[in-house]
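Here the structure is laid out as structure tokens; the discussion comes afterwards.
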Amino acid sequence: MGDKDDRFPKKKKGGTKDMDALKKEVPITEHKMSVEEVCRKFQTDVVQGLTNAKAAEFLLRDGPNALTPPPTTPEWVKFCRQLFGGFSILLWTGAILCFLAYAIQAATEDEPAGDNLYLGIVLTAVVVITGCFSYFQEAKSSKIMESFKNMVPQQALVIREGEKVQVNAEEVMAGDLIEVKGGDRIPADIRVTSAHGCKVDNSSLTGESEPQSRSPDCTHDNPLETRNIAFFSTNCVEGTARGIVICTGDRTVMGRIATLTSGLETGKTPIAVEIEHFIHIITGVAVFLGVTFFILAIILGYTWLKAVIFLIGIIVANVPEGLLATVTVCLTLTAKRMAKKNCLVKNLEAVETLGSTSTICSDKTGTLTQNRMTVAHMWFDNQIHEADTTEDQSGAAFDKSSVTWLSLSRVAPLCNRAQFKPRQDSVSILKRDVAGDASESALLKCIELSCGSVRMMRDKNKKVAEIPFNPTNKYQLSIHETEDPNDNRYLLVMKGALERILDRCSTIMLQGKEQPMDEEMKEAFQNAYMELGGLGERVLGFRHLLLPEDQYPKGFAFDTDDVNFQTDNLCFVGLMSMIDPPRAAVPDAVGKCRSAGIKVIMVTGDHPITAKAIAKGVGIISEGNETVEDIAARLNIPVSQVNPRDAKACVIHGSDLKDLSQDQMDDILRNHTEIVFARTSPQQKLIIVEGCQRLGAIVAVTGDGVNDSPALKKADIGVAMGISGSDVSKQAADMILLDDNFASIVTGVEEGRLIFDNLKKSIAYTLTSNIPEITPFLFFIIVNIPLALGTITILCIDLGTDMGSAISLAYETAESDIMKRQPRNPCRDKLVNERLISIAYGQIGMIQALGGFFSYFVILAENGFLPSQLVGIRLNWDDRSLNDLEDSYGQQWTYEQRKIVEFTCHTAFFVSIVVVQWADLIICKTRRNSVFQQGMKNKILIFGLFEETALAAFLSYCPGMDVALRMYPLKPTWWFWAFPYSFLIFVYDEARKLILCRNPGGWVEKETYY
């Protein structure tokens, strides 16, 4: 490695090129080189290691063995985003316009009204308070790189100039010769030069749950699958190994994933896009009304300055002050509800994103499966038996008295190094922690359940010699004394890979008797092996032999290094196959996803056969759907002759995936409904997510390993596992499944869809009162009547009576089975659309305005000012110097008296809006169903009705409100003037819904169904 290793892209302006380079497959070639070639490349020695001088030189050249921290976003920037992003912009604009209007009034009037100033202050307070609330709800620093740092080993054992030295992991250099043992964390990417029973846990990197053997031999072209490379930050679980460091820091496979994850840019969440669209609509409506009435005011002879104040007033009146807080609280309530169902949401906007999801890319191990190997089948006496792993052995379906089974159930626990961890007697067997690898743990639990105490069995059959499993032999062997006091022979037991069974066995046990292993039995054996292997199960063979006492007498010294005992002509006893079984709730959850129109794609680092078997087991590949390989096998033709379009399902290997063009990838995603990606790298997982997004899908990704973190970050919503998930995956994700169960995602989808529907209802309810709030201002300008509703009372509606009721709609249950409809189309199905605006502003809002004005005109008429007399009276009404304004009865009114009547009208108009909002709240419970069909089961909504009524009564009758908020007591009869309009709203909307149900897809639905 004479020149600086350039396999890792340098930081430069072409950031996109850097990211594209990172998405490519790992550019490691050292696994294909001989040890001598690797030594030459890195200027090192396989025995002596680097010289101290070379190590110092390489440290200067390459820098420390550490991950480069990404630029982090300061907390104040995050706070500002909450304060000035999305919906807040609309309120800030309103506040600035209010201050501007007040400034104009202050500059042109002797005694300017303070309404605009108060409104500006309140709007500012609303934005700041809601911004703080959102910030603290979502407060999370970008700790992705910090969690990667936690995975970095602190110390490493290196050999320099022939001496073993313990150094800080950051000082490990490319070319260093290092030594690792069981329990160590690998300090860099290393090319293994020697190994003794070494196994590493690559699950965080590749997703494989089984520990992988390491040896000096190249076993695969793919560096992630070969046995002679050990990766930075993975764990050595047993054995020892030596190797030459080939990559450090950012150049390691883990470093590439870290840089890829932290460098990914994520787009806006669907709800953020919807809120932006809503702002555009509201701004458009506000500006249109404002400009229209600005022109009208100029035509009517108002001064330019007055017209500007009117323009600002109308724009501000269109701002729904309470809606930002309502949306935030609704999302928070749903997030809390989801947390109770094991879905912890880190980002409030992610609550709705899950409901919009159209594609779920799910990891296999631990998400769809239980993340624990379990014995699934056994083959003995020439029959396949299903294993019984129930605690009470109620599922047993084979003869446990069979002599062959008794022999198999003796070999399996004796030729096994796994053991239960201490102090777990009260824990059920299936849930006990085991010291040992996954396959041996499965065998241990199976035998403990079926036959009783394994420890007792081992005590009775004392082990005297053992050859541990190694990749070369592919078997494990142990020799035991037998429990029969009258038999002094030693029992040799062996288990291992299938390819090593037949050549070591001369006999097979059938019905408890040894018989020759003839061709017929070999064929039966192969058929059983192929059948179990085809189910994606890991198959192990078991055999035994009672060693002749004359050759191996009591006390014989067995030598396991230079084998001095018989290891062939054994008796084959049976097969046992293991699989990481699907979670019980997953098939039902996948079925619900399918009925909800959500495509579930499996993306795993595991073997294609295993992945396909699990996919079929959980319903990702449904019964009857075939892959091209299945079609080829059925028709007995080569795979190349099968048209890929004929196969609804497909299983794609990572090695094939890397050769696909973007168009080919899009073609697969578009034309196959059921897809499994196997043996995928972290970069490929990311490419799959980007491919789905390119086709317009809203993608959810589930994962638990470091290998999943780039895809989790890029997805529209990343879902990490709370129990088995790495810190890195949890930091990259938007949501965490506390129970690691895929079925919880379906619950989340349901909640997400429900909150979208309920937000629509909340917004429709809130926007409706905008019209009775705006129209008094318009009549004030055009007809020149006294103002019917003041700024203060508008604030009491938006931030007082309306808010609790709007939030109560978040508790509304679904109208129909929302998991039976297709996912929301982000282009067509908007949170706020023209139909919602038409209903809220053009229909229900107009009826509400009529109710408010009816109360207004009745009160003024009772006080002597008939409607005909009010037209054009505004200038005299608001003239402070005029204290003898005459009404229709001939009474003279001072300015103060007139204002008391006006403020009483404001209060009556306010109460009228509350009364008509009762009906609006009830009709907003549903968008299509009749309220009678839905019922009044939402107790929070009923409370909301009482709350807004009680608040209105409090504001009307509480002493001191006339001074504080200019609200005056009303006669009890004045509360009833708006009742007919409230009833009219209810009847009108029920009639609309009846037509919707009777004539689906008709004109009424096209124009009014929001």
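Going from the start of the chain as shown, residues are counted 1 onward.
Quick reminder: no glycine exception, Cβ is built from N, Cα and C everywhere.
Going by Swiss-Prot topology annotations, Ser203 is found on the same membrane side as Lys937. If you take every residue in the topological domain 'Extracellular' (96-118) and average the pLDDT, you get 85.
For Ser930 (phosphoserine), the spatially nearest entry among the recorded positions Asp363, Asp704, Asp708 is Asp363, judged by CA separation.
Long-range neighbours of the transmembrane segment (973-993) within the same chain, counting only residues 6 or more positions beyond its ends whose Cβ lies under 8 Å from a Cβ of the stretch, are 843-844, 847-848, 850-852, 854-855, 858-859, 908, 911-913, 915-916, 918-920, 922-923, 926, 928-931, 1004, 1008. DSSP assigns Ser930 (phosphoserine) to coil, not to a helix or a strand. Here the recorded positions are Asp363, Asp704, Asp708, and the one ringed by the most other CB atoms within 10 angstroms is Asp708.
The 10 Å shell around the Cβ of Ser930 (phosphoserine) contains 16 further Cβ atoms across the protein chains shown. Counting only the Cα atoms, the space from Asp363 (active site, 4-aspartylphosphate intermediate) to Asp704 (Mg(2+) binding site) is about 8 angstrom. Helix, strand and coil residue tallies for the topological domain 'Extracellular' (854-905), in that order: 28 helix, 4 strand, 20 coil [DSSP].
Remark: the transmembrane segment (276-295) makes no contact with the transmembrane segment (939-957), by the rule of 3 or more CB pairs under 8 A.
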